[in-house]
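As annotated by TrEMBL, active site, proton donor applies to Cys85. The active site annotation in TrEMBL covers Cys85. Per TrEMBL, the feature active site, proton acceptor maps to Cys224. Look at TrEMBL and you will find Asn15, Asn76, Gly86, Asn87, Asn158, Asn192, Glu215, Arg216, Gly225, Ser226 tagged as substrate binding site.
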Amino acid sequence: MMDRVLFTKGHGTGNDFVILPDPDGALDLTPALVAALCDRHRGIGADGVLRVVRSAKHPDGAGFAGDAEWFMDYWNADGSIAEMCGNGVRVYSRYLLSQGLATAGPEGLPVATRAGVVLAVPGELTIAVRMTTPRVYAASTATVGPLTIPGLAVDCGNPHLVTALPDGVDLASLDLHLAPGYDRAVFPEGVNVEFTTSGAPVEDADLHVHMRVYERGSAETLSCGSGALAVGAVALRDAGRETGVVAVDVPGGRLTVTADDRGRWWLAGPAVLLATGEVDAAALS
Ligand SMILES: N[C@@H](CCC[C@H](N)C(=O)O)C(=O)O
């Protein structure tokens, strides 16, 4: 076990990450170390960890090495692994670019994830990512306290359940301190649950949705990029549209989901790097 671990802290709309540079895959990253780093009282504190490793140097990335030099090895705060993190990949791309580890070509910067290769297109403050195509595939429900809320299962590489709150239930009033209930037969690997209400029209978007999320492996977070993608897919489907722009407001800010006329799905929003340092791994409990 290493004594000192280099890290950078960053976030996308308040969904925060500890970024661990590990180009050659030498770090002995374990669920316990991830959980300790993400601990908000005894660690650095984050919703998840992004290990920056060359695709060729990670067993889950090696198959993508011909298409993307870098693999985003994403871990949730509880030490579990996930296939995709939409905010994570935007922050990860910001990190690669800021460190000079990669440059964006005319099509963008390819980044390998467990859900496949995505393409990041950097702006000055925002980063847009061409995500894998979301797939709406089943009806299901979530339970929060006495409420049973209908929703749709959406595969964004990772699993999501997008629910629409019934009239009269206020999004802000939902108690998400405890994990919502869901159907384990539909989601055997667990699920990220999004709660939505529709919003008033906003400039530059065809549709506007408010969302809160309870993430698998991280509890309630201020934002979830793949969750916003799932919400965007359901909103466009409900509106009978195949293309369009959906503004998704989360507690941490605004994400924009675009389905373009070439069948591509984009997730855009801010990606911020805050601090760099060293953590004493022995001091983490
Ligand atoms: N916050 C992320 C999603 C992280 C993974 C998720 N908790 C899971 O287990 O699938 C995002 O921005 O997409």
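The backbone N, Cα and C atoms fix where each Cβ goes, and this holds for glycine too.
Apart from Asn15, Asn76, Gly86, Asn87, Asn158, Asn192, Glu215, Arg216, Gly225, Ser226, the residues listed for substrate, the same chain places the Cβ atoms of Gly48, Ala82, Met84, Cys85, Gly88, Val213, Ser218, Thr221, Cys224, Gly227 within 8 Å of the centroid of those Cβ atoms. Largest Cα to Cα distance within the recorded substrate binders Asn15, Asn76, Gly86, Asn87, Asn158, Asn192, Glu215, Arg216, Gly225, Ser226: about 16 Å as a whole number. In this structure, Asn15 (substrate binding site) is part of a beta strand by DSSP. Asn15 (substrate binding site) and Cys85 (active site, proton donor) have their C-alpha atoms 10 Å apart, to the nearest angstrom. Asn158 (substrate binding site) falls within neither a helix nor a strand when secondary structure is assigned with DSSP, and so counts as coil. In three-state terms derived from DSSP, Gly225 (substrate binding site) belongs to a helical segment. Counting every protein chain shown, the Cβ of Gly225 (substrate binding site) has 29 other Cβ atoms within 10 Å. Calculated from their C-alpha atoms, the gap between Glu215 (substrate binding site) and the residue listed as 'active site, proton donor' amounts to 11 Å. Taking every protein chain shown into account, Asn15, Asn158 are the binding-site residues, and of these the Cβ with the most other Cβ atoms within 10 Å belongs to Asn15.
Gly86 (substrate binding site) carries a helical DSSP state (H, G or I).
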